[in-house]
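Here is the structure we will look at, set down as structure tokens.
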Amino acid sequence: MLTKFETKSNRVKGLTFHPKRPWILASLHSGVIQLWDYRMGTLIDRFDEHEGPVRGVHFHNSQPLFVSGGDDYKIKVWNHKTHRCLFTLLGHLDYIRTVQFHHENPWIVSASDDQTIRIWNWQSRTCISVLTGHNHYVMCASFHPKEDLVVSASLDQTVRVWDIGSLKKKTVSPADDLMRFTQMNSDLFGGVDAIVKYVLEGHDRGVNWASFHPTLPLIVSGADDRQVKLWRMNETKAWEVDTLRGHMNNVSSVMFHAKQDIIVSNSEDKSIRVWDATKRTGIQTFRREHDRFWILAVHPEINLLAAGHDNGMIVFKLERERPAFALSGNSLFYTKDRFLRYYDCSTQKDSQVIPIRRPGTPSLNQSPRTLSHSSYSSTEDAVLICSDLDGGSYELYIIPKDSVGRSDVVQDAKRGTGGSAVFIARNRFAVLEKSTNQVLVKNLKNELVKKSSLPIPTDAIFSAGSGNLLCRSEDKVVIFDHQQRLVLGELQTPFVRYVVWSNDKESVALLSKHTIIIASKKLVLQCTLHETIRVKSGAWDDNGVFIYTTLNHIKYCLPNGDSGIIRTLDVPIYITKVSGNTIFCLDRDGKNRAITINATEYIFKLALLRKRYDHVMGMIKNSQLCGQAMIAYLQQKGFPEVALHFVEDERVRFNLALESGNISVAVASATEINEKEQWYRLGVEALRQGNAGIVEFAYQQTKNFERLSFLYLITGKLDKLSKLMKIAEVKNNVMGQFHNALYLGDVKERVKILENAGHLPLAYITASVHGLKDVAERLATELGDNVPTLPEGKTPSLLMPPSPVICGGDWPLLRVMKGIFEGGLESAARGGAVDDEEEDVGGDWGDALDMVDVDGMENRDIEAILEEAEEENDEGGWEELDGLDLPPELDTPKASANARSSVFVTPTQGMPVSHIWSQKSSLAAEQAAAGSFDTAMRLLNRQLGIKNFAPLKSMFIDLFSGSHSYLRAFSSSPVVSLAIERGWSESSSPNIRGPPALVYDFSQQEEKLKSGYKATTSGKLTEALRIFLSILHTIPLVVVESRSEVDEVKELVTIVKEYVLGLKMELKRRETKDDPVRQQELAAYFTHCNLQLPHLRLALFSAMGVCYKSKNLATAYTFAKRLLETNPMESQAKTARQIVQAAERNMTDATELNYDFRNPFVICGSTYVPIYRGQKDVSCPYCTARFVPSQEGNICGVCELAVIGADASGLVCSPSQVR
């Protein structure tokens, strides 16, 4: 039993398959009807208008309808397209058990607990017949698939077959009035529409189900007597053929299989049983732990069944339908109907080779599962056929080449047991022995040659080239060289079902249920592809593209993981070979088919991927490649200039032209569209490219005078700026006029504008400051007493705009040779008439945008604006403008003079050095120096478990600042950032970027360590702690070169950790004045930190004194003895000897301490309590300080950076660790 789909829900009482679509309806005990797509595994819809359980449901075979019947006595007809109930049929007086549409007529048959069967016309929405005769609940009723019969089963222990032939005649319109009168009589006085043809008695209890065979005159029934009975009928009688016993409880449902000669039944004994209909014996039983089965459904077209149980339903197959096959060159060997067959792909000739002798097996799924082929000599072929028989077995056939096509050759196979068997050489094959996890190598006489143990627990083996095996376990595959007993490659994968090697054996596709993994021959992952619908088969084409099938598509997968659909499928197929545009495949009936496909799309994408631009060019010229998907693909992959040649729509052309920097196409498209947004975007792109002429034209089209003013300022076109000022005056735009006067440095104009606008004080100040005495005096008289005062002692300076770096024309551009696409596609598009085109260019806009005749250029565009303004102002105040000689308006420019030359602009922007650093490095320090702080933090978190980054913030900033310098070019341009590289020299290649310079190095930390030692010795413990913590915080951001230095860095972490822990305890001791016991404990623990000898003496001396003062003489004695062993200074030694003598007279402790010097311990870095050997602890992943388990998840109290107990990979501080 192969489960294809499973749901969890309330008890399922009714099921029906859609005849064409992959849908199944399930009616539930809760009153809901669910519509599922069993192929995708998704719930499409739910219908919940019934009150109470829905026991019957059925799809119409051609209309978008289904019918349902429930415990609310209602039959509802639904349209699943419009998601609603069309109408309700009322008439039954009790629960409705089953409903079914007739295959031809507009009828529905329903069975009910009111002991009747009703036939309804769903078009006229009336009941056309009531079949009475059962004297208990009618549990089911169904139409015969071809004849005018109905079968019903009832709890009155009978199965009845009804003849509804007269009902069919009645629905045909009567020919004459006499017939119509007769029919009316029979309607009035109860005519006989349906008669009981047979009553089948034989069950001892109520019958739950009865159904017809799809073609033969057979009926099968299941009852509460736990028996399944088979009945036969002819024109005159029906009789019992046999009884199938085996169920342990009531049989709920029983049906004939649509394709095979078997009966399927299910029962409340939680099992589904499969029976051989001819031998009438049980074949197989499938059980569930807790779920009773209630209903079965058989798909009318394909090999699928469904069963409903207490907690949902399952859709399943009884047998695998994939034919076993093996391809070698053009020769395909495959199995069909217990024969081994041969198909030649070149001649498309199919022939039968030999019968595969198979003893009559009373179980399913014993057909060949895999097939392996070896053409080991010029005269003979060897074929291995594996099946699941006897827990896994193989058969070896040696076939003379001249016997192919003659099925009279019968031979005995060499047999053996094994999980799977494959050829690994011309005359050797390997068999998997699962029990010992070994592979047995055998020769063609089936004799054992060699045994090898496999490197992983293996459940299947596949061929992997000569001498190699691909071994599969649950979650990974390995390539194993069985001769050298070496693992050549390993890859984590979902459960692999099929393995397909490319023709050159350089690549392999690993197919799982929903995943395709492409890897190299050493199992180096190249790409992974996920499918929502099941993957069925695949093969490599001659170009290295993997072609595969799902249940309903043929698709392709390129080497980089891009995939797409080649065509849809009506039925699933299994690809055997791809040759050019032809796919050879086997269908589920074992028939060979050759399908022609259009490979243009994936060949085009492959040529782009492999940068075979000559092929791309050829395909663009000759193929009908188009469509939104192709354009989107080219855009996504960075080829907008190629996409441009597929597009007619001007808006799409405009977007693609901007993306590819093709400004001339963008101008043409913007002119066609002529909308403000497009002109604005064109201006932005032209400005980026430095094409000032087009920027000017775009701003003129949108009358964007503010941007034009600024453009003229930065390009130094001050005469045009003065004309814009006149336009602003005409338009009465005071602010624009003032801005232009400011840009021009025209003081008189500014004073005039301020005066006209009524800002007399501002006009007076401007005139006074700039030395316009006569104007200032005139304004002062107008202002009278309101003359503003000017600040004293200030020297005014004229506010002048900066001079532009480059005046007029376009910005200097890099000269870049045209690529294959630009040159080739343009000439292709022009059909080769390049010279004519070039001649046309000059007259239209080359001269206009060169701005040689500046007056003419600007005035063309101004004339219209001035006219508009005059129309608005009829007061006649602008006479002075009448004298302007304004030429006609500017035509649309096409491209600047160099646009059609052999060189072309806008190279692709280079990658900033910081991005290169960020991409190349796995070291946190280098990521921080590159400015990728988030990446640096992620690395530190992964490597060292660091979560508190506050102490590292200033160091990150220092690293970033220290790896960059800045140059000022000139006043109007931004500052230029320069990356400073580590180890740079004059001889370094300019194209190869070194790693960033770092402000922190290891030698600095060693110097800090000495300072820390010094501060500790002189008793400056707070200062010493600050220094040691600074070292701990800096080490994650230090980079060293060699492996030996890495070890030194790790050693430094350990040393510093001990000092930080010890000093923190000592400072804590000095704070706890009122707790002498805790003071003694902390002093004692300090002596167990791994310190330098001078510092250890100081710690011991301190602890000895503290304990002696607190009358803990025995403890003080141990410290004194330890101190004397370190050969201390005389003063310390003298004190220690005195304490030893005093303690020897009275070896007691006044208070008990949590301290046992005999039992080895480490100190918790947060709670400062001993953790004795054998007790559980957790550690900091960075500084390795130890803690009691309750501290897990907190920030480490020693380094103050990492999370205690976090998973971390370890300190990475050298490039040598990541190579």
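Cβ atoms are placed via backbone N, Cα and C, with glycine included.
Automatic, uncurated: that is what TrEMBL annotation is.
Copied over from TrEMBL:
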- 340-587: domain 'COPA/B second beta-propeller' (DOMAIN)
- 628-775: domain 'COPA/B TPR' (DOMAIN)
- 818-1219: domain 'Coatomer alpha subunit C-terminal' (DOMAIN)
- 5-46: repeat 'WD' (REPEAT)
- 47-88: repeat 'WD' (REPEAT)
- 89-130: repeat 'WD' (REPEAT)
- 131-172: repeat 'WD' (REPEAT)
- 200-241: repeat 'WD' (REPEAT)
- 244-285: repeat 'WD' (REPEAT)
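Beyond the repeat 'WD' (47-88), the same-chain residues lying 6 or more positions past its ends with a Cβ under 8 Å from any Cβ of the stretch are 13-19, 23, 25-33, 35, 94-101, 103, 108, 110-112, 120, 122, 125, 300.
Residues 94-95, 97-98, 100, 102-103, 105, 107, 109-113, 115-119, 121, 183, 192-201, 203-212, 214-215, 219, 221, 223-224, 231, 233, 238 of the same chain lie 6 or more positions beyond the ends of the repeat 'WD' (131-172) yet place their CB under 8 Å from a CB of it. A mean pLDDT of 78 is what the model gives for the domain 'Coatomer alpha subunit C-terminal' (818-1219). Sequence-remote contacts of a segment are chain residues at least 6 beyond its ends whose Cβ falls under 8 Å from one of its Cβ atoms, and for the repeat 'WD' (200-241) they are 136-137, 139-140, 142, 144-146, 149, 151-161, 247-256, 258, 263, 265, 267, 269, 273, 275, 277, 280. Residue counts for the repeat 'WD' (244-285) under DSSP, helix first, then strand, then coil, are 0 helix, 25 strand, 17 coil.
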